[in-house]
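Before any comments, here is the structure.
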Amino acid sequence: MVYASKYSHEFDESNGFGWKYDTEPKHDWSTLMANKNAELQRLTGIYKNILNKAGVTLIEGRGKVVDPHTVDVDGKLYTARHILISVGGRPFIPDIPGSEYAIDSDAALDLPSKPEKVAIVGGGYIALEFAGIFNGLTSEVHVFIRQKKVLRGFDEEIRDFVGEQMALRGIQFHTEESPQAIVKSADGSLSLKTNKGTIEGFSHIMFATGRRPNTKLVPDKVKMTDFDLFTIGAGSGGVRASRFAANFGASVAVCELPFSTISSETTGGVGGNLGLESVGVKINKNGAIEVDEYSRTTVPSIWAVGDVTDRINLTPVALMEGAALAKTLFQNEPTKPDYRAVPSAVFSQPPIGQVGLTEEQARKEYGDIDVYTANFRPLKATLSGLPDRVFMKLIVCAKTNKVIGLHMCGEDSAEIAQGFAVAVKAGLTKADFDATVGIHPTSAEEFVTMRTPTRKIRQSSESQGNMGHEAKTAAGV
């Protein structure tokens, strides 16, 4: 859907390169949905094939942990040396009057028609990604955020820059506004009431106000058998752990949860449907399963990976956790997931790529840092005549000269950040960056040609000595 939404901007860009269109290009929503669904089915088939070839027993349905080594699936008991929980997360919609008229990010992926005018409540990466999608598909988009800026927790300059660039593309941001109620009119249109007033005429109101671990779930059909590993849920980390475990010679079963049956309305104790708390698994107030550094829960034979643990909620991180768990359990090779310098991206428009610390984190944890920035119009924009810009930033530890943070907002940011993540993870210095020859003309070359710091931050020797271990580890320094 991100790919589909980019074309409208590219059509606008193409005018500056001499392209003319006799008629206005039109988008067919049903074609996009059909092709998207076909691709999802293809990928699901591939994952099932991978597990089948590895010798994993696949079980479709719902299940419940009844003791540290037993899962109840529709009255049938399955025993295993280890149980792995990998059920992912689900969108959260706050309980306000009229919330039944709202949709979440999952439902937004399967709408029967394109929204004409959509309100997106939330300022995180999911909200921005959908704002870019719908805006690119020519919907009127309004984004409502409680704070002054989007993307809490991201680098401050990135937050400012992406908000400005998205506004230039026609997205309307309503800052410091909290939703209070949704009202449906006789004509079917929706109104959103906030602390600042009411805006009417929305075809859809979407909440992107965070996700909650799926500890309220689970299983139904299989024959009795014993396994070395019984995985509940088909999250990325669980699939990876199961496949690796099977390749290591373990007997493995995966109980796949049909996500269409997941209810966000379940009440009562968190994790009740999975039976986790009843067997002693500790779950925090946000519904996440608490695990140690090896992904073990408070019950020694029960493990958890992925979003359900609420560590770093990214698919590649879940894959890493799953692979580490399989080595720990079945290779006699205790392995901790390595969270140093994990890169991430926001597929907003323009997109963001980053790895390492933000400037705010680096200042707090290292004291003395050098900050390099570049803000420019790329060659493509100067020819197209559009106001697109690129922002790039390096954060360097003044004491060690190591690059501890790299941030970018602009075209191809995710691709560029992935490559530079290797350098940051390896602990390369600013001198190493400076010694690297750039590829011209590219935006990426800016990361190896920034010679003069935009600012040098120097704090007291006392603060310099108070560097937090967690931040050092995250940056790989």
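The backbone N, Cα and C atoms fix where each Cβ goes, and this holds for glycine too.
Owing to the predicted nature of the structure, the values given are computational and were not obtained by experimental measurement.
Quick look at what TrEMBL annotates:
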DOMAIN    30-223  domain 'FAD/NAD(P)-binding'
BINDING   GLY63, ASP307  FAD binding site
BINDING   GLY122, GLY123, GLY124, TYR125, ILE126, ALA127, LEU128, GLU129, GLY233  NAD(+) binding site
DOMAIN    273-322  domain 'FAD/NAD(P)-binding'
DOMAIN    342-450  domain 'Pyridine nucleotide-disulphide oxidoreductase dimerisation'
ACT_SITE  HIS440  active site, proton acceptor
REGION    455-477  region 'Disordered'
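The structure, with features from TrEMBL marked on it.
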| residue | record | contacts (Cβ under 8 Å, 6+ apart) |
| --- | --- | --- |
| GLY122 | NAD(+) binding site | VAL143, PHE144, ILE145, PHE207, ALA208, THR209, GLY210 |
| GLY124 | NAD(+) binding site | VAL150, LEU151, ARG152, ALA208, THR209, GLY210 |
| ILE126 | NAD(+) binding site | SER105, ALA208, ARG211 |
| LEU128 | NAD(+) binding site | VAL143, VAL150, LEU151, VAL162, MET166, VAL346, SER348 |
| ASP307 | FAD binding site | GLY88, GLY89, ARG211, PRO213, ASN214, GLY235, ASN313, ALA318 |
| HIS440 | active site, proton acceptor | none |
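In the predicted model, residues of the domain 'FAD/NAD(P)-binding' (30-223) average a pLDDT of 93. There are 27 other Cβ atoms within 10 Å of the Cβ belonging to GLY233 (NAD(+) binding site). In this entry, GLY122, GLY123, GLY124, TYR125, ILE126, ALA127, LEU128, GLU129, GLY233 make up the residues listed for NAD(+), with the farthest two CA atoms of the set 29 Å from each other.
For GLY63 (FAD binding site), the number of other Cβ atoms no farther than 10 Å from its own Cβ, over all displayed protein chains, is 26.
Across the fold, the C-alpha of GLY63 (FAD binding site) and the C-alpha of GLY233 (NAD(+) binding site) stand 9 Å from each other.
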